[in-house]
Amino acid sequence: MGKNYEGHLVASGLKVGIVVGRFNEFITSKLLGGAQDGLIRHGADEGDIDVAWVPGAFEIPFAAKKMAESGRYDAVITLGTVIRGSTPHFDYVCNEVAKGVSSLALTTGIPVIFGVLTTDTIEQAVERAGTKAGNKGWEAASAAIEMANLAKQFEE
């Protein structure tokens, strides 16, 4: 029987980069807090968590690429909030950010986690940043921990 690979939720020793869009900061700051809390509660050292703030969601893939290619991180988490308005701008931004982040996960050799909220309303964003629907920053941190540990297993 072949090997079974599975990532574990142990963050001790992991170096994690987090890219956060400043636009809608009243939401993204809560996502960041959730991600940092999730990493630390799973054993990460505060000194092993670096944060890069960018103007908005559209700039996230660039900073995430720089972090991922630096060789300093076991995983990169991307956090942002895009809330639908009355123009098609929402669709353009969401599509490009999602494509950019997913391509980094496939090309850089380290997990790049998509934690960008794309909601129809401010209320939906608030719910996903720590109220009714949990904190998607925390969930992104959990995914980053698991995927970083899974990736390390393939290097052994």
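Positions of Cβ are set from backbone N, Cα and C atoms, glycine also.
Quantities reported herein were computed from a predicted structural model and do not represent experimental measurements.
These features come from Swiss-Prot:
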ACT_SITE  His89  active site, proton donor
BINDING   Phe23, Ala57, Phe58, Glu59, Thr81, Val82, Ile83, Phe114  5-amino-6-(D-ribitylamino)uracil binding site
BINDING   Ser86, Thr87, Arg128  (2S)-2-hydroxy-3-oxobutyl phosphate binding site
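Positions of Swiss-Prot features highlighted on the structure.
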residue: Ala57; record: 5-amino-6-(D-ribitylamino)uracil binding site; Cβ within 10 Å: 29
residue: Phe58; record: 5-amino-6-(D-ribitylamino)uracil binding site; Cβ within 10 Å: 19
residue: Glu59; record: 5-amino-6-(D-ribitylamino)uracil binding site; Cβ within 10 Å: 19
residue: Thr81; record: 5-amino-6-(D-ribitylamino)uracil binding site; Cβ within 10 Å: 28
residue: Val82; record: 5-amino-6-(D-ribitylamino)uracil binding site; Cβ within 10 Å: 24
residue: Ile83; record: 5-amino-6-(D-ribitylamino)uracil binding site; Cβ within 10 Å: 17
residue: Ser86; record: (2S)-2-hydroxy-3-oxobutyl phosphate binding site; Cβ within 10 Å: 6
residue: Thr87; record: (2S)-2-hydroxy-3-oxobutyl phosphate binding site; Cβ within 10 Å: 8
residue: Phe114; record: 5-amino-6-(D-ribitylamino)uracil binding site; Cβ within 10 Å: 21
residue: Arg128; record: (2S)-2-hydroxy-3-oxobutyl phosphate binding site; Cβ within 10 Å: 24
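Around the Cβ of the residue listed as 'active site, proton donor', the number of neighbouring Cβ atoms within 10 Å comes to 12. Cβ-based neighbour count (10 Å, all protein chains) for Phe23 (5-amino-6-(D-ribitylamino)uracil binding site) stands at 17. Comparing C-alpha positions, Phe58 (5-amino-6-(D-ribitylamino)uracil binding site) sits nearest to His89 among the recorded positions Ser86, Thr87, His89, Arg128.
Across Ser86, Thr87, Arg128, which the record gives as binding (2S)-2-hydroxy-3-oxobutyl phosphate, the greatest C-alpha separation is 23 Å. Note: the Cα of Thr81 (5-amino-6-(D-ribitylamino)uracil binding site) and the Cα of Thr87 ((2S)-2-hydroxy-3-oxobutyl phosphate binding site) are spaced 16 Å from each other. Take the Cα of Glu59 (5-amino-6-(D-ribitylamino)uracil binding site) and measure to each of the recorded positions Ser86, Thr87, His89, Arg128: the nearest one is His89. Under DSSP, Phe23 (5-amino-6-(D-ribitylamino)uracil binding site) is assigned to coil, being neither helix nor strand in the three-state scheme. Val82 (5-amino-6-(D-ribitylamino)uracil binding site) sits 10 Å from His89 (active site, proton donor), taking the C-alpha atoms as the reference points.
In the three-state DSSP reading, Phe114 (5-amino-6-(D-ribitylamino)uracil binding site) counts as strand. For the 5-amino-6-(D-ribitylamino)uracil site, whose annotated binding residues are Phe23, Ala57, Phe58, Glu59, Thr81, Val82, Ile83, Phe114, the maximal Cα to Cα separation is 16 Å.
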